[in-house]
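Data first, discussion second: the structure below is written as structure tokens.
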Amino acid sequence: MNEITIIKPDDWHLHFRDQDMLLETVAATARCFERAVVMPNLVPPVTTAELALSYKERILAARPAGSTFMPVMTIYLTDKTSVQDIQDAKKAGVLAAKMYPAGATTNSDSGVNSLESLYPVFEALADNGMLLLIHGEVTQKHIDIFDREKEFIDQHMVNIVDRVPNLKVVFEHITTKDAVDFVLAARDGVAATITPQHLLLNRNDMLDGGVRPHNYCLPVLKRSTHQQALREVVKSGSPKFFLGTDSAPHAKHRKESDCGCAGCYSAWSALELYTQVFDELGALDKLEGFASLYGADFYGLPRNTEKVTLVRESWEVPNSITLPNGEPIVPFFAGKQISWKLK
């Protein structure tokens, strides 16, 4: 097969950032995705309906001329989030709330310290038909960074899913066989997003033969056995797993430093890279479900009607992109060949 046409996909997890960065990031995503779930970890974070609506307006203003792209807005849970905050968010059209354990990733310092205190908020999300999106890692310093996803499942995820049985939960950017197995065995209303980097790479690609900061993300890349579990589950076509790039831009100097930031800026190549993975797996027939159907169905949103076509054609991801402020950013897979291209 040298050409594949699918329903236009959506990205169910990404980071746009803010201000002039939006002129770069929104265009990159809008080129091939109709909708995207926008993470709220700005500085300060998007914690209220009012802040979410303001952020949405800034995103819409950054769309390329003629674009029909629509952001799906979220709010950021903190220890101070109230049931009223959830009700206000629902009225404002916000579809989901994102839970970051405090300190788990970029701009998560305002995140949750006392998860137990948030159960009334989780109940309010369920009562209002909103989703809970979870960065599923513990943050205790004594727990090895490669084990933090599994520990979160054992310490928290099982309880959340069991104690609020009518709450829709998305286990974001899963990276381990443990997470795959958990989601497969979980009740209805539990799903997961998977990034291109966790399908394409393992920790050797970040650490073997030199440190590659542009492959550094959180949750961190894991060993190859976990990568293979992710690849196998997307190959299976399970509707519990769908596309979420976690595209996360940082200027080059913030990645290439003595304390580099976590995140892969994949928006310019993500759809093509997912296609390459499904091609490698002999499962191109499963791409449309993963990219275009399962996420919309899980969120209770209509499937897109427009279509996109990808062709088997090699191209090279640029080594650098210039941001609107003049600074360079290194895109994910920079300087490498991709075997599929958006038509």
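Quick reminder: no glycine exception, Cβ is built from N, Cα and C everywhere.
The Zn(2+) 1 binding site feature in Swiss-Prot is assigned to His13, His15, Lys98, Asp246; the stated evidence is sequence analysis. For Asp246 (Zn(2+) 1 binding site), the number of other Cβ atoms no farther than 10 Å from its own Cβ, over all displayed protein chains, is 28.
Among the features that Swiss-Prot reports, substrate binding site is placed at His15, Phe16, Arg17, Asn41, His135, Leu218, His250, Ala262, with the record citing sequence analysis. Cβ environment of Phe16 (substrate binding site): Leu22, Thr25, Val26, Thr29, Ala36, Val38, Met39, Ile59, Pro71 lie under 8 Å away, each six or more residues apart in the same chain.
According to Swiss-Prot, the N6-carboxylysine annotation covers Lys98, on the basis of sequence analysis. All protein chains shown were included, and the count of other CB atoms within 10 Å of the CB of Lys98 (Zn(2+) 1 binding site) stands at 25.
Summarising the annotation, Swiss-Prot assigns Zn(2+) 2 binding site to Lys98, His135, His173 and lists sequence analysis as the type of evidence.
According to DSSP, Asp246 (Zn(2+) 1 binding site) sits in a coil region rather than a helix or strand. According to Swiss-Prot, the feature active site maps to Asp246.
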Any further residue of that chain within 8 Å (Cβ to the Cβ centroid of His13, His15, Lys98, Asp246) of the recorded Zn(2+) 1 site: Leu14, Val37, Val38, Met39, Asn41, Leu133, Glu172, His173, Gly244, Ala248
His250 (substrate binding site) CB neighbourhood, other CB atoms within 10 A: 24
Cα proximity to Asn41 (substrate binding site), best match among binding-site residues His13, Lys98, His173, Asp246: Lys98
When distances run from the Cα of His250 (substrate binding site) to each of the binding-site residues His13, His15, Lys98, the nearest one: His15
